[in-house]
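Engineer: Handing you this structure, nothing more for now.
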Amino acid sequence: GSGPVLLDNVGCGGGEARLADCFHLGWGQHNCGHHEDAGVICRGSLRLVNGSHRCEGRVEMFYLSQWGTVCDDGWSLPAAAVVCRQLGFPYAVRAAKKAEFGEGTSLRILLDDVQCSGQERTLLECSHAAVGTHNCSHEEDAGVVCS
């Protein structure tokens, strides 16, 4: 990186809402250089695509450096609730099926046979076929409507 080093000796427990909520030496207080810059690799990030507003759309998941879709086999309101919560929305209004928000034809189908209780923190914590294993087409892309 370049520019000022903002945080050093960051210690998080995992329940913090923001990095700034973790223990650290204080903003701008450090004893390191950019050769020690930290990074993360996120797995299982989600987005909603083709909705009429930001609270709805086809569910797409970023996994191993690529975006893909979720098949609607087993798709339910509890699964939609997990997606909505993961995206920062408090409630799921509806679990959309049959590519209601369009087909993600240029993407891989990443998840199929998703079964959630609704209590999972992420969609990947729900029961599902192995990532990338499916028996469906993009005509079955899953979506959600959140509030």
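If you go along the chain as it appears here, the first residue is 1 and each next one adds 1.
Just so you know, glycine gets a Cβ as well, placed from its N, Cα and C.
Annotations per TrEMBL:
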type     : residues      : note
DOMAIN   : 1-43          : domain 'SRCR'
DISULFID : CYS12-CYS22   : disulfide bond
DOMAIN   : 46-147        : domain 'SRCR'
DISULFID : CYS116-CYS126 : disulfide bond
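Set these features in their place in the structure for me.
Structural biologist: If you take every residue in the domain 'SRCR' (1-43) and average the pLDDT, you get 86.
Around CYS12 (disulfide bond), a 10 Å sphere centred on its CB holds 12 further CB atoms from the protein chains shown.
Residues near CYS126 (disulfide bond) in space but far in sequence (CB under 8 A, at least 6 apart, same chain), listed by position: ALA79, VAL82, VAL114, GLN115, CYS116, SER117, GLU120.
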Engineer: Where among the disulfide-bonded residues CYS22, CYS116 do you find the Cβ with the fewest other Cβ atoms within 10 Å?
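Structural biologist: Output over disulfide-bonded residues CYS22, CYS116: least Cβ neighbours within 10 Å is CYS22.
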